[in-house]
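K.L.:
Sharing the features that Swiss-Prot gives for it:
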type	residues	note
DOMAIN	2-31	domain '4Fe-4S ferredoxin-type 1'
BINDING	Cys11, Cys14, Cys17, Cys58	[4Fe-4S] cluster 1 binding site
BINDING	Cys21, Cys48, Cys51, Cys54	[4Fe-4S] cluster 2 binding site
DOMAIN	39-68	domain '4Fe-4S ferredoxin-type 2'
Amino acid sequence: MSHSVKIYDTCIGCTQCVRACPLDVLEMVPWDGNKAGTIASSPRTEDCVGCKRCETACPTDFLSIRVYLGAETTRSMGLAY
C-alpha cells in the first residue's frame, strides 16, 4: 500500500500518535519548534496500513498528523473519483 503520512509543525510533541500506531510507523525526533523539544516523524511509511489511529489520537484541534490513503485503498473503499 502506498499511503503518505504528513506531520505538520503544529505537532506539540505529546507522543500520542506514536503510541497509537499499531505498526510502529512513527517515532519522535528532536525538534526545537515546541516545548517538548520533539516532533513526530514517519520513517517507515511503507508499513502504514491507513488505519488512521494516529489521527484519532492527536489531541490538537488541527490534526498535526494526517494520513493520505493511496489510490488502491480509496478505490477499494469506493472513494475514488
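A Cβ is built for glycine as well, from the same backbone N, Cα and C atoms used for every other residue.
Keep in mind the model is a prediction, meaning the values are calculated, not measured.
How about a rundown of where these features are and what they're close to?
P.N.:
Note on the domain '4Fe-4S ferredoxin-type 1' (2-31): residues 37-45, 47-51, 53-60, 62-73 of its chain, located 6 or more positions outside it, place their CB under 8 angstroms from a CB of the stretch.
Cys14 ([4Fe-4S] cluster 1 binding site) falls outside any helix or strand according to DSSP and counts as coil.
The number of other Cβ atoms within 10 Å of the Cβ belonging to Cys54 ([4Fe-4S] cluster 2 binding site), over all protein chains shown, comes to 26.
Remote same-chain residues near the domain '4Fe-4S ferredoxin-type 2' (39-68) are listed as 1, 3-29, 31, 33 (criterion: CB distance under 8 Å, separation of at least six residues from the stretch ends).
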K.L.:
Look at the binding-site residues Cys14, Cys48 and tell me which residue has the greatest number of other C-beta atoms within 10 angstroms of its C-beta.
P.N.:
Cys48
K.L.:
Under the DSSP assignment, what numbers of helix, strand and coil residues are found in the domain '4Fe-4S ferredoxin-type 2' (39-68)?
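P.N.:
For that range the per-state counts are 8 helix, 7 strand, 15 coil.
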